[in-house]
Amino acid sequence: MLKYEYILVRYGEMTTKGKNRSKFVSTLKDNVKFKLKKFPNIKIDATHDRMYIQLNGEDHEAVSERLKDVFGIHKFNLAMKVPSELEDIKEGALAAFLQVKGDVKTFKITVHRSYKHFPMRTMELLPEIGGHILENTEDITVDVHNPDVNVRVEIRSGYSYIMCDERMGAGGLPVGVGGKVMVLLSGGIDSPVAAYLTMKRGVSVEAVHFHSPPFTSERAKQKVIDLAQELTKYCKRVTLHLVPFTEVQKTINKEIPSSYSMTVMRRMMMRITERIAEERNALAITTGESLGQVASQTLDSMHTINEVTNYPVIRPLITMDKLEIIKIAEEIGTYDISIRPYEDCCTVFTPASPATKPKREKANRFEAKYDFTPLIDEAVANKETMVLQTVEVVAEEEKFEELF
């Protein structure tokens with residue numbers, strides 16, 4: 001029986017781009033090549049409106065599993081390539097149909113004749129191909145409105161593609177076309193989702209995590225490393241900056257009125273993150289804030305916190321409720337890591353009654369009583385930076401190194 005030899009990738013949103021589309025296509029091709037590193041026989045051809053992945057014997061299911069997490073891919077189809085002869089097309093359509101998994105009762109045929117000199121018209125091809133499937137299967141009927149399977153035939157000069165297994169991609173834009181941002185990665189449910197949604201818009205991310213030993217444990221730190229590792233499924237790598245925050249928090253607890261300690265803490269985080277962003281050539285800061293979720297996420301709080309940075313602050317979750325955020329976290333694989341019961345620095349010295357409508361004037365007045373600059377400098381200087389990659393890529397590189 002014929003087997004799938006190709007995967008045809010459709011771009012989706014990238015097709016709206018104009019003169020710079022080639023940059024988007026090139027970046028997507030590079031990201032796909034990186035994602036499929038463990039499949040040495042694969043060949044990739046990226047055209048202006050579609051990508052063709054030639055499997056050359058590689059497992060199409062394993063390849064498909066990795067493709068679904070690549071941003072910039074709208075949909076993709078497993079495909080067979082056959083000569084553009086009627087009998088070959090009929091046999092290819094039947095073979096593709098028989099390989100569809102699940103409870104299939106109905107189908108339809110869709111034909112696109114890119115090669116206009118093919119001797120049969122579309123309306124002549126439909127009954128020929130559909131009839132061949134009906135003759136060689138049982139308990140199957142045609143449903144042109146809501147079929148279980150759509151057998152798609154693309155006829156070209158010399159060869160045709162047969163497709164019926166259509167799968168959804170991650171959508172969005174290829175990571176890397178939209179610059180870089182710094183993501184505040186707390187270890188909770190929200191911030192990894194914010195990182196994911198930022199990457200979906202084609203933006204590379206680096207993560208900043210604030211930890212406060214001995215008030216926060218090594219297990220809490222490892223949780224954040226694991227979250228960053230999980231996010232590498234959707235990009236080439238995630239650079240994680242672990243910032244020691246103990247002295248800053250102790251000083252805030254001592255010098256700032258408790259009602260404003262949360263606000264000032266967030267302002268210090270923004271200042272430190274901006275410094276790291278300048279070092280790393282990032283263009284914005286992303287947070288996992290959702291409007292009204294906690295005291296530090298009211299409009300008044302965000303207005304006061306934003307004052308200390310000139311960088312754009314991206315808040316992808318701003319209008320989502322918690323259940324919507326949890327749903328995405330479960331889908332992308334970060335939820336089970338986020339709910340591990342380890343504390344983070346935001347729970348250290350939590351005030352009993354934080355201000356929900358903090359004023360910039362008050363925050364500035366409280367901060368002016370103590371020079372936080374040396375503490376900020378120290379936190380930036382003592383940060384620990386690590387680069388995380390997909391586990392499989394790391395394993396392949398280690399395997400390569402062992403040869404020498």
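Cβ coordinates come from backbone N, Cα and C, glycine included.
For LEU185 (ATP binding site), applying a Cβ distance below 8 Å and a minimum sequence separation of six or more within one chain yields SER191, PRO192, ALA195, ALA207, VAL208, HIS209, VAL224, LEU227, ALA228, LEU240. Secondary structure at LEU185 (ATP binding site), taken from DSSP and collapsed to helix, strand or coil, is coil. Positions annotated as ATP binding site by Swiss-Prot: LEU184, LEU185, HIS209, PHE210, ARG266, GLY288, GLN297.
Per Swiss-Prot, the feature domain 'THUMP' maps to 61-166.
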If you skip the near sequence neighbours and keep only those at least six away, which residues in the chain come within under 8 angstroms of GLN297 (ATP binding site), Cβ to Cβ? GLU289, SER290, LEU291
Based on Cβ atoms within 10 Å, give me the single least packed residue among the binding-site residues HIS209, ARG266. ARG266
PHE210 (ATP binding site), Cβ-centred 10 Å count of other Cβ atoms over all protein chains shown, is 29
For a quick check of packing: other C-beta atoms within 10 Å of the C-beta of LEU184 (ATP binding site), how many? 23
So if I draw a 10 Å sphere around the Cβ of GLY288 (ATP binding site), how many other Cβ atoms end up inside it? 25
